[in-house]
Amino acid sequence: MSSAQNIKKSILAPVLDNNPIALQVLGVCSALAVTTKLETAFVMTLAVTFVTALSNFFVSVIRNHIPNSVRIIVQMAIIASLVIVVDQILKAYLYDISKQLSVFVGLIITNCIVMGRAEAFAMKSAPVPSLIDGIGNGLGYGFVLITVGFFRELFGSGKLFGMEVLPLVNNGGWYQPNGLMLLAPSAFFLIGFMIWAIRTFKPEQVEAKE
């Protein structure tokens, strides 16, 4: 397989074939919390992709110099440093979104996707493939976040990126926002529908009956 095909596979596979949320069921908490608006879902996607990609890269660079007994601590230190950088950038340039994301930016440190890729892939692979793997898994995570955020904001507020899309009753229109879509259970249902849809088109992802 050529280098270009490897890169393409590493980036696209986590979107549908091996999605970290839909297939591995990782990172669900933030998917519930930050998807009431498309804007916050998009920013969280960028933040997680940035942290996952660079943490993979740096862990891979020093992987042969990390004692096995402290490898998790070293990985968490690298991830925490990158999360602090992201948090400070958001507070400096996107303060309102930073307040909306609240503690969930800091909780990227404990995100199973970030830790999982550092341990399972970056510790065993070269820096560039690790970087690409991090980008792919960040995009796979973001695919679910942005899809869920799209439907929650559209039907919960009648808006997208804060701009009115469906004419609201309060403004003389016809659409009455569905408040249920702004509650966490709606994200569970939407993620469930996404898992059902993906596994309908990719039946190989369905677990074998015991």
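Each Cβ is built from the backbone N, Cα and C atoms, and glycine gets one as well.
According to Swiss-Prot, the features are:
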- 42-62: transmembrane segment (TRANSMEM)
- 72-92: transmembrane segment (TRANSMEM)
- 103-123: transmembrane segment (TRANSMEM)
- 131-151: transmembrane segment (TRANSMEM)
- 178-198: transmembrane segment (TRANSMEM)
Worksheet item: the transmembrane segment (72-92): which same-chain residues, six or more beyond its ends, come within Cβ distance under 8 Å?
Response: 43, 47, 50-51, 54-55, 58-59, 62, 66, 98, 101, 105-106, 108-109, 114-115, 118-119
Fill in: the transmembrane segment (103-123) versus listed stretches 42-62, 131-151, 178-198: most Cβ pairs under 8 Å
42-62
